[in-house]
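Listed features, source TrEMBL:
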type	residues	note
DOMAIN	B:12-181	domain 'CobW/HypB/UreG nucleotide-binding'
BINDING	B:15, B:16, B:17, B:18, B:19, B:20, B:21, B:22	GTP binding site
Ligand SMILES: Nc1nc2c(ncn2[C@@H]2O[C@H](COP(=O)(O)OP(=O)(O)OP(=O)(O)O)[C@@H](O)[C@H]2O)c(=O)[nH]1
Ligand SMILES: [Mg+2]
């Protein structure tokens with residue numbers, strides 16, 4: 001379900017940065033359409049790699065909290081985290097609230113690796129949409145994150161994966177696949193692309209997606225999160241926010 | 001989930017491109033902004049044109065008019081995945097609490113585009129005389145079952161060879177007695193009727209007596225069964 005673009009989380013408003021990149025010349029106005037596949041590959045190596053890694057670590061934190069041995073500490077020993085986006089102490093052992101605190105740290109680590117404030121804003125708005133859906137479909141997510149708050153999408157996706165029993169590989173693959181799918185779907189609206197070509201680009205990126213999965217699936221520590229960026233895409237994203245003519249939010 | 005004191009009456013405005021949705025919202029704002037606390041969400045297809053048009057019309061505090069991107073999918077945005085719109089409405093309600101009515105303009109689409117009841121409490125479908133006198137007869141879910149059908153720009157009827165009365169009669173026939181309003185922003189009497197409808201609908205929704213109807217993707221239609229009996233129903237299959 002997580003990898004399905006039809007999930008009602010506002011996916012139709014997203015182009016994974018393709019619209020700003022096209023505006024900056026990607027695809028050469030339709031003369032160099034294979035740029036789109038190259039663009040998706042560049043993201044898999046940079047921005048999407050960070051996002052998938054963040055989701056993997058968020059999943060790890062959630063799974064660890066759910067399986068932690070009960071220590072029997074008093075509930076008031078783990079006070080509210082202070083971050084209104086994270087769920088306050090709500091269980092006898094405080095494991096959920098400790099996990100929430102760690103998730104706050106993952107979110108901060110993601111933010112530090114996402115220099116464009118426009119991209120951060122877009123990812124947090126998407127995370128909010130996922131949280132609203134999760135509140136209805138996977139309400140256990142609310143043990144860790146507060147409903148309807150702006151938490152980066154990869155963190156929310158990681159927590160959803162944690163409470164629904166997805167493996168680290170599955171969540172990494174879902175983030176990577178979703179990103180490529182968002183790029184190629186948006187390309188149909190932005191450039192004169194044959195839909196079958198778009199599908200073959202997606203198929204052609206299979207090995208890149210699996211490489212990403214292998215690289216990030218074993219991560220458990222925040223300090224080990226990759227910090228690979230794509231500064232040009234950050235600049236494009238920043239410019240997009242001031243654009244008047246646009247189809248996609250980001 | 002919602003705090004009742006900040007929940008507004010959410011009114012959707014749908015209809016094909018250029019039939020006058022933004023102008024109708026501008027009219028409602030200028031007529032009612034003294035009586036009701038209003039907000040507007042636009043679903044522009046390619047630009048923030050509609051939001052800008054409304055802001056520059058000076059009928060409402062520009063900050064109360066917000067645009068939502070639709071990724072070239074105006075239909076999806078008001079029906080299959082209302083999340084971005086719902087978030088925009090709730091944020092507006094929160095930032096300007098309390099609001100009485102939030103008007104949501106759909107991007108101009110085709111005759112099948114209607115709002116999901118998850119997004120709006122009631123909806124207006126806007127046609128115009130310039131689209132041709134037979135559009136009302138063609139029907140569609142918005143025409144048949146929106147809470148109000150507007151036949152707009154009646155002032156243009158003589159120039160486009162449309163008989164407004166006939167168009168309204170056709171529309172009424174398609175709608176089982178639900179209201180149809182012949183409107184022109186240049187005709188004060190019709191504007192007064194529009195104002196009246198919005199006010200009374202606001203009161204009905206507030207009193208909790210209104211259940212949002214879903215115009216649905218397929219209009220109810222009639223056909224003859226094996227025994228020669230007329231049956232009218234709604235369903236999803238094509239025939
Ligand atoms: N003559 C006449 N023109 C009108 C009337 N209402 C709107 N118009 C004109 O119709 C045109 C389209 O109006 P809009 O309000 O922008 O229509 P819309 O449905 O919002 O258009 P989209 O958002 O692009 O689908 C504009 O040029 C308006 O000035 C009316 O009552 N009479
Ligand atoms: Mg408009």
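Placed from the backbone N, Cα and C atoms, the Cβ positions cover glycine too.
Features per TrEMBL, on structure.
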| residue | record | contacts (Cβ under 8 Å, 6+ apart) |
| --- | --- | --- |
| B:15 | GTP binding site | B:21, B:106, B:108, B:124, B:125, B:126, B:127, B:142, B:150 |
| B:16 | GTP binding site | B:108, B:109, B:110, B:111, B:127, B:131 |
| B:17 | GTP binding site | B:108, B:109 |
| B:18 | GTP binding site | B:108, B:128 |
| B:19 | GTP binding site | B:108, B:126, B:127, B:128, B:131, B:152, B:153 |
| B:20 | GTP binding site | B:126, B:128, B:150, B:152, B:153, B:183, B:185 |
| B:22 | GTP binding site | B:42, B:50, B:53, B:54, B:105 |
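Selection of the binding-site residues B:15, B:17, B:20, B:21 by a Cβ distance under 6 Å from ligand 2 yields, in sequence order, B:21. Each residue in B:108, B:126, B:128, B:152 lies on the same chain as B:15, B:16, B:17, B:18, B:19, B:20, B:21, B:22 and has a C-beta within 8 Å of the C-beta centroid of that GTP site, without being one of the site residues. Averaged across the domain 'CobW/HypB/UreG nucleotide-binding' (B:12-181), pLDDT for the predicted model comes to 92. In the three-state DSSP scheme, residue B:20 (GTP binding site) is classed as coil.
When secondary structure is read from DSSP and collapsed to three states, residue B:15 (GTP binding site) falls in the coil class. Cβ neighbour count for residue B:21 (GTP binding site) (all protein chains, 10 Å cutoff from its Cβ): 28.
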